[in-house]
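Student: From Swiss-Prot, for reference:
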SIGNAL    1-22  signal peptide
DOMAIN    142-169  domain 'PLD phosphodiesterase'
ACT_SITE  147  active site
ACT_SITE  149  active site
ACT_SITE  154  active site
């Protein structure tokens, strides 16, 4: 009886494994076809990338929170701007960064900003304060969220990372900021900025 039970168990396990393998193979075949099909073609997608090896001659700086201090790091870079600042932001509620941007605009620096639509309703967003300072602010109309955190300064510096331009990012969260001084990289980020600008809406109040 024991040998029959063992045989039955062995056959059952083999049967289950066979079904599982069949499902796996079929699923792999199915998703491979989807990826290769015209409806989900990766070969036709235009992908802009930048090889990290090309950054070997670039000046790269980093900042991390905690401890606090990355807001000051960003403000210092904005204060050094001479010609232009192009910015993309999800959260935009930090007073120090906002003041630095307004001061840059007042001293003749071209300041252009794209924000996520959530800033239209966020209580602490600086959107309207920036608008009142005559800064060109647009709302990125991407179907999801505009989650970029990017500042391009004088077409040669890129500030990016996980850091939202908010007090929480500096005082409460674990975040990172990276500053890369590289004209080619800045050009790549500018191309993306302008591509998002073409699908953005102006803010009226």
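Note that Cβ sites are derived from N, Cα and C of the backbone, with glycine treated the same way.
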Student: Near residue 147 (active site), which residues of its chain come within a Cβ-Cβ distance under 8 Å, counting only those 6 or more away in sequence?
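Tutor: Counting only residues 6 or more apart in sequence, the Cβ neighbours of residue 147 (active site) under 8 Å are 90, 116.
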Student: Write out the long-range same-chain contacts of residue 154 (active site), meaning residues 6 or more apart in sequence whose Cβ is under 8 Å from its Cβ.
Tutor: 81, 82, 83, 84
Student: Are there any residues in the same chain, six or more apart in sequence, whose C-beta is under 8 angstroms from the C-beta of residue 149 (active site), and if so which?
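Tutor: Long-range Cβ contacts: 88, 89, 90, 160, 161, 162, 163, 164, 165.
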Student: With DSSP as the yardstick, break the domain 'PLD phosphodiesterase' (142-169) down into helix, strand and coil residue counts.
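Tutor: Residue counts in helix, strand and coil order: 3 helix, 10 strand, 15 coil.
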